[in-house]
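Accompanying notes for the structure given below.
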Amino acid sequence: MEVPWLLVAHGSVTALVVVSFLCGQWPIFEGTFVQSINHFLNFGAYHYLLRFVQAVCGNGAKDLVLGVEQYCCDRPNPILQVFYVAIIGVTYFIIVQTSFEYIPGYYVSGWHRYLSIVAVAVGAILFVLTSFSDPGTITAENVSQYVSAYPYDNVIFVEKECSTCKIPRPARAKHCRICDKCVARFDHHCGWMNNCIGEKNTRYFVAFLVWHFLICVYGALVIGFILAGELKERKVIYILTAYYGIENSFSGLFPHVAQWLLAVHNTQILLSVFLAILALLLGGFCAYHAHLCLTNTTTNEADFVKNQNIRCLSQGDMKCYTKWENEFN
Ligand SMILES: [Zn+2]
Ligand SMILES: [Zn+2]
């Protein structure tokens, strides 16, 4: 079988860039080239782009790029929300257009047509709930309730005033510079939701992550069963072994079955690979947030401890490192 090397190379490079960009800072990638690519994409690439734009188009163009960056990264904006809706909409549309004709199939019953709509609708509801609910905004009126609800630990959180809001900042809260407000039990500012994740909407956010992980696994499995049904109904294995004399073993049949699937069902193969990659990424996020939930920690606090640890390690101070490790666990 002729291997479509270009397709394999393109897929591998895309996967490497996406995984490096999204997960390069995870502890398991520390010291690897995945972390280096992440660093380049996050810091180096933008720096070089700015220098390139300035050299080619002058200072005005550089200011324009800086302005766009400020709008996209430093202020609330719906770009990633629109992107999310587009990804979900386009993916579901392609699935309906290309794969619903195989439902019901040999292994897939007809009610998956309706279950898929319910799955996407629930995902959309969780998205709206997380995006548009109050994350726990702290105001002069409610600040005293939050201060008594979250006692200061005098380790990470000491009693002080928010210099922007001019109100006391309760423990575990943080001033979000993008939303320009203090948020109780601040987790992080989520660009995808165009909203902070805090005390009041963390549950929706975690439900959103888990649900989208499940949707991706569900989609990849159903497409897998559609393909298995096609192999069965079209008697592909039988034809290969009986008519083409292919050896009836996994290693003998695999290249020929893969070739047939890529030729006849390339859209389904691409969809299932796309969903499987998304499921892996979302699974990682779910596991991380499950760990945070179980240890009653926020992303903000975990990042703080991580930065303290990096500082201790860089100074070779193992005693201080152990102290932060114990503080966290
Ligand atoms: Zn504030
Ligand atoms: Zn925010």
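Glycine is no exception: its Cβ is also placed from the backbone N, Cα and C atoms.
All TrEMBL annotations are machine predictions without curation.
Listed features, source TrEMBL:
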type	residues	note
TRANSMEM	6-28	transmembrane segment
TRANSMEM	81-102	transmembrane segment
TRANSMEM	114-132	transmembrane segment
DOMAIN	160-302	domain 'Palmitoyltransferase DHHC'
TRANSMEM	204-229	transmembrane segment
TRANSMEM	236-257	transmembrane segment
TRANSMEM	269-288	transmembrane segment
Query: Does the transmembrane segment (81-102) make contact with the transmembrane segment (6-28) through 3 or more Cβ pairs under 8 Å, each pair 6 or more apart in sequence?
result: no
- prompt: Given the model, what does the mean pLDDT over the domain 'Palmitoyltransferase DHHC' (160-302) come out as?
  reply: 94
Message: If I count Cβ-Cβ pairs under 8 A between the transmembrane segment (6-28) and each of 114-132, 204-229, 236-257, 269-288, which range comes out on top?
response: 269-288
Statement: Counting only residues at least 6 beyond its ends, the same-chain positions whose CB falls under 8 A of a CB in the transmembrane segment (269-288) are 11, 15, 18-19, 22-23, 26, 91, 94-95, 98-99, 206, 209-210, 212-213, 216-217, 219-220, 223-224, 227, 261-262
- line: Helix, strand and coil residue totals from DSSP for the domain 'Palmitoyltransferase DHHC' (160-302) stand at 87 helix, 16 strand, 40 coil
